[in-house]
Amino acid sequence: MRLPSSIFVSVSLFTAETTAALYLSSTYRSDGDQIWQGLTLLFTLVTSVLVQLTLTFIHRDLSRDRPLVLLLHILQLGPIVRCLEAFCIYGSVGQVEEPYVSITRKRQMPRGGQSEEVERQVGQAEGKLFTHRAAFARTSVIQAFLGSAPQLTLQLYICVLQQGVSIGRGTLMVISLLSIVYGALRCNILAIKIKYDDYEVDVRPAAYLCIFLWRSFEIATRVTVLVLFSSVLQLWILPVVLLNFFLFFLYPWMLFWQSHSPFPENIEKTLTRVGTTIVLCLLTFLYAGINMFCWSAVQLKLNDPDLINKSQNWYRMAVYYMLRFVENASLLLLWYIYKTDFYRFICAPLLVLQLLVAYAMAIFFMLVFYQFCHPCRKLFSSNMTQGLWDCSALLCLVCYAPDRDAVRPIEKAGLDPLAPDPTPHTETANDTSYDVANDTAYTMPNDTMTYDMPNDTTHEVLSEMNGDVSHSLSSNT
């Protein structure tokens, strides 16, 4: 059993960012900057409340007699207590012999064209650690894009206006950037776990490094572009942000309405239709927040029983990065045209070039990750570079073909895994298993082996889905 290091990193970033934000807000108060103090506290406290609610919901504390834990969550100490509980569980492994809860079967990566199935027993302690990892995986994403990303944008904007970086503000900005990158990294790893649920996925350090560099360049560039544009055109930044947000917020709903699928009812057994609608709105809200700053590796699909699109759509990714690059370049051009003497000490052309190159570097590391470092690249049915090249060629055909009727409909270009064996069966060893939280909407398996949770409809459906939808790419001019 591996050390729950991901839980420690999540709690460390949460605690460090909250502490730095509280200290910085106190300095704003002493300087008389009540607006900056209020916004800094707002982004911190709202995120902290959402993290507490997420942990409480996943662990089902409201339906269990745990008043002390609920009190600690009200005091905003829930993540720290959960982290200590996870390490206590890890430390108690092996001291007391326990019966295994279930048997899981996973397929190994193909070697020589063949894939072997591995069977292992999962004990109660490992199952509890699974629940903790899954919970903190969710909270890391929520903290990153609903708290750290707005916080970083705000503090960088204040630095531009005041033409200086204090120690407290600089510390908070660094922690916020690390929190966003870590949340995006978790999103990437979880997307891999969801799509290749039947396989034993082992993510190498090189893959983590590529994702870290990819997300660092992408997010830092995006935040800088938004701040520069807002510093010269304050009234126009609001339409840009709202247009981006509502576009990604409504996009999953438009696909859902277009599919004419029935309303999802299996998210949580205890939720009513109103509660299910609220959960779906929160999911799309988080999805829009992620895509505001970077590409979301986990794509929502509301007409799917698991609410997750398990196919890798290269066409959609190519369109996203092309449009985002054009948008960033346009915002930088407008900043360059309308910049004032406030930026007289900055070489504006060089800054624009550096930001565009940084975003290009983000795309480069993304390509390196999918081409060489992806843990499941052996399951790809097509070459990633060729897939993106075909997507670009299709865009050119759509834009410049003289006879649109001669162009066949564009189908999705994806990377599809090889057809897996029938879904592995799960054998329950006994009925003394602990109460595991339902892995509900925005399903994010953690970085451990998949654990069979009793009475969890969503996980049963997830184990029956292999996400192998073959996509073909063809064009006729």
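Backbone N, Cα and C atoms are what each Cβ position is placed from, and that goes for glycine too.
These come from TrEMBL:
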{"type": "TRANSMEM", "residues": "36-58", "note": "transmembrane segment"}
{"type": "TRANSMEM", "residues": "166-185", "note": "transmembrane segment"}
{"type": "TRANSMEM", "residues": "235-256", "note": "transmembrane segment"}
{"type": "TRANSMEM", "residues": "277-298", "note": "transmembrane segment"}
{"type": "TRANSMEM", "residues": "318-338", "note": "transmembrane segment"}
{"type": "TRANSMEM", "residues": "350-372", "note": "transmembrane segment"}
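Contacts between the transmembrane segment (235-256) and the transmembrane segment (277-298): present, as 3 or more C-beta pairs lie under 8 angstroms, all at sequence separation of six or more. The stretch from 36-58, 277-298, 350-372 with the most CB pairs below 8 A to the transmembrane segment (166-185) is 277-298.
Cβ atoms under 8 Å from those of the transmembrane segment (36-58) belong to residues 14, 17-18, 21-22, 24-25, 28-29, 70, 73-74, 76, 78-79, 82, 131, 134-135, 138-139, 142-143, 146-148, 150-151, 154-155, 158, 437-438, 440 of the same chain, restricted to positions at least 6 beyond its ends.
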